[in-house]
């Protein structure tokens, strides 16, 4: 991390809010555990992605341990604008994490949406949507303690069954100075049920800050439809970008050039084999036959993958 950060200090950090003032819908790569790391962010930025998030980082570990900082966060001068997402449940811990990250990123995001049991049991993630005063307090603390007015403070939430409670949460966060809010249009209990885009629209109409829509967006056409349905200022995509990192550039499926770009970027960044291979499995899901998948998915070394891509696709 340290060498990369020395390089970053030479670059100009950006104001993510400029994107929301551009008049265009902001295209965003979601925070994804294991996946939205520097190499993948570098790839999607080549294909019209405007704003990238890191995977969620536990703020307390990040503050306490230099080892955690080195393993969890890497960036470079091309990796902007960049939002670092934290899991936190105490205002001062979130502030401390924000202070450490502030010179190297363009903003932080508080995770109030992760429905995984471990996160909820620790007091992180989606359980925070039931603690609006705490969320308000955390946002206000960061706003008061970070000197840089361009440094954004956002939150990512799920919705309540009773939408009035979600609107109340959002309005409290807005009053505390939150920059924008990303809304995943499902409740904590919902996993694969249809996304409530109508709820995102109601939230958007109740707020004067930007709102980002998230959930089940798998193509640029989906993104345009969701923008039309919700009037959201930005569209955040997770699995759709894993399957097709060139999605925001209008490609219906991953083009071979994008696969070639991933190979080049991953090798340049020294991406661990499992991550390198998993990304390719996602990208090639719709362009390989069942038989080809059986062979490709069990390859166990970088050289075997490179040989396969060369033999089958001339990459």
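For all residues, glycine too, the Cβ spot is worked out from N, Cα and C.
Summarising the annotation, TrEMBL assigns active site, proton donor to 114.
Feature annotation from TrEMBL assigns FMN binding site to 31, 32, 33, 85, 184, 238, 239.
Mean model confidence of the domain 'DUS-like FMN-binding' (29-292) amounts to 97 (pLDDT, 0 to 100 scale). Among the features that TrEMBL reports, domain 'DUS-like FMN-binding' is placed at 29-292.
Maximum intra-site Cα distance, FMN binding residues 31, 32, 33, 85, 184, 238, 239: 17 Å.
Between residue 184 (FMN binding site) and residue 114 (active site, proton donor), the C-alpha separation comes to 10 Å. A straight line from the CA of residue 239 (FMN binding site) to the CA of residue 114 (active site, proton donor) spans 15 Å. Of all the binding-site residues listed here (184, 239), it is 239 whose C-beta has the fewest other C-beta atoms within 10 angstroms.
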